[in-house]
Structures are given as structure tokens and as C-alpha cells.
Amino acid sequence: MLVLGIESSCDETGIALYCTRRGLLAHALHTQMAMHAEYGGVVPELASRDHIRRLVPLTQSCLKDAGADFADIDAVAYTQGPGLGGALLAGASYANALAFALDKPVLPLHHLEGHLLSPLLTDEGVDFPFVALLVSGGHTQFMAVHGVGDYVLLGETVDDAAGEAFDKTAKLLGLPYPGGAKLSELAELGTPDAYRFPRPMLHSGDLNMSFSGLKTAVLTAVEKARAEHGGSLPESVRNDICRAFQDAVADVLAAKAAAALRQTGLRTLVVAGGVGANRQLRQRLCALTIGKEAVQTFFPPPALCTDNGAMMAFAGAMRLRHGVQAAAPAGAFTVRPRWPLAQLSP
Ligand code: ATP
Ligand code: MG
Ligand code: FE
């Protein structure tokens, strides 16, 4: 079976072809980052319009790379939600129209299921059940994953997502949008423990987290440093602050991940979402042990941590493999901008 995957939930148009026998055949991505940069954030209307422009050429380029034709596609998997309404509608309209024209079924999918299953795309050694840490621009959650579609929410951020905290902190440090990845590069240059920021909710006794207070702690440190340095922020101080911020986030995520594994009795951790590309976090999570027991930790390759079509094509193929029936494309369809992952069924 050849599954075409379509992702358009935010500011990336992603298309991919996944073959249930031969694996990932091709994937193509267009990021709108540069277009939104001058506004300092994603402009929903611009995002929708750009998705419309990119969907067809990206599909054509994928088919060419895979040596396939439109007629070879067996099912069309697309992101139904959560995400920006207009952006989702662009992908959903295209997916349903294409499937209708090809007389092939569709699979409307949950974006976070795509992220969550993405480590299995490249790593055959991941077995259910496992604890998933979804750590992205919009979400920071622990899920107990018992199988495809069987997700139980264990805990989540009560305010900002970790990726959002990275981006907002980068902004207040004057780094160009979107600053999360840049902040983490600078953190690598910083001196550990030159600054220390709070670890919110570390001892809350549950698996919830909070990251919004960290920005304020960073802002206070930046203002103090500026006052000490005649109004400017020396690069070395900025890097030290980046390091301390990243240490605080990584500490909380690693401690809560260990608690999630202890609570569930599971010893496999799967990390997905953009912040999963963070090198320091990857090191911390790979070094986790529970008592004397080793933990197996899996990540997608960094390029598949952020939004992409490959994860949606793969999630579609996984659902088909687990007996989910793809549906006939509908003349009327809905998108689900808000959609809790735990509402899915196997
Ligand atoms: P969601 O999937 O929750 O809807 P999203 O799709 O916007 O949100 P992703 O594309 O998974 O999120 O990830 C983007 C986020 O990852 C951004 O907030 C970005 O700052 C963050 N990010 C990317 N690379 C790194 C890195 N190396 N270190 C920390 N954060 C990073
Ligand atoms: Mg994005
Ligand atoms: Fe995402």
C-alpha cells in the first residue's frame, strides 16, 4: 500500500509517500519560517494561502523522487487537527479533492499522533507499551501509549509548552524568530551554573509542568545584567543565560520523564516534537535510569522532530496496518483546530 501523507497544521507544508512494504519513499517540506519572520510569529491567513500554493508542487516532487504516479497512491492521510483552522482546511480540502479524483480512501489524522509515532518510522526496535514525551511548540505532555490510537494522558504543562518557552525566551534575548533552535546553539557556548533559574513544579508530586515563569526569571536576569554592563548584554552573559534556561527545562523534563516511567512501570521512553531535537535534552533523556534499571530512549532523527509529511504518511500506514479502515473521501469534511489526543480510539 502506498500512502500519501499531507501535513499543513501550522507553518510547514509537508508531503510524503510511505509504502507499507518498502518504507519511506520520498518526503518534501516547505517551511514558511522566513515569510512569518518579519511579523515575529505565524500569521494564520498568510499560512493558509501559502499552503495552497505549495501542496500540488510538493506532491509532484515527491512522486517524481519516488518514481511513482498519482495513480499508484492507495490512500491519502492528512492532518485533521489540531492546528490553525485555515491551514488545516487547505490540507484537508486538497486531500479530499485528490482522493475523490483518484477514487481512493482518506485517513483524517491527529497531528500529535504523527509526532508520537515518528520515532517508530526510523527505529524498528520500539515496542508498545511505552511512555511518550511530546515536546513541541504547542504541547508538552506525557502519554502512556499502549498501541496505535491507545493514548492515556499522564500529565502536561499547565501553561506554556516547552517549545513556546524556548521561542519566547529567545525573543526577549533579542534572537531572530523563531529563536528556539538558535537559543539552544548559544546555550552550548554558555558556562554551566553561571546562572540558575527555578525548576517550576519539580516537586508537584504529579506529572504536570509549568514553563511560563521561566521567561520572567530570564527577563529579571537580563535586566540586571544590562544594568551592570551599561545597558548592553555581553555575548558571554547572554550565552550563560541561554545555558541556565536550557538546563532548567532539561532538568524538569528529565525528572518528570523518570517519574512517568516509575509511575507506569514502563522502561521505554519515546520522545517526539520539535524540542526533541535539542541536543542537551537528548543526552539527559538517554542517560535516564530507574534505580538500577536501564531505560530505552528513542527519538526521531532531528529533521523529523519538527512538522513534516513523513510522520503523517507513516501514522496513516500504521493505522491501516492495525486494521483501521480508510473512508471514502467526503464532499463535506471538518477540521479540528482543538482536539485532545487522548480522545482518539485504537
Ligand atoms: P505542535 O506540534 O504542538 O502543534 P509545532 O508543530 O509548532 O507544535 P514542532 O514543529 O513540533 O511544534 O516544533 C517546533 C518547536 O520546536 C519550536 O517551538 C522550536 O523552538 C522548537 N525547537 C526546534 N529545535 C529546537 C532545539 N534544538 N531546541 C529547543 N527547541 C527547539
Ligand atoms: Mg513549525
Ligand atoms: Fe507539530
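Using the three backbone atoms N, Cα and C, a Cβ is placed for every residue, glycine included.
Just so you know, TrEMBL annotations are computer predictions that nobody has curated.
Annotated domain 'Gcp-like' per TrEMBL: 24-314, in sequence order.
Here TrEMBL flags H111, H115, D307 as Fe cation binding site. Neighbours of H111 (Fe cation binding site), defined as other CB atoms within 10 A of its CB across all chains, total 27. DSSP assigns H111 (Fe cation binding site) to a helix.
If you look up TrEMBL, you'll see L134, V135, S136, G137, G138, D167, G180, N278 marked as substrate binding site. The Cβ neighbour count for S136 (substrate binding site), using a 10 Å radius and every protein chain shown, is 23.
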*Measure between the Cα atoms of every pair in L134, V135, S136, G137, G138, D167, G180, N278, the residues the record assigns to substrate, and report the largest value in Å, rounded to a whole number.*
17
*Three-class DSSP secondary structure - L134 (substrate binding site)*: strand
*Neighbourhood of ligand 1 - binding-site residues from L134, V135, D167, N278, D307 with Cβ under 6 Å*: D167, N278, D307
_Which binding-site residues are spatial neighbours of H115 (Fe cation binding site) here, meaning Cα within 10 Å, out of L134, S136, G138, D167, N278?_
L134, S136
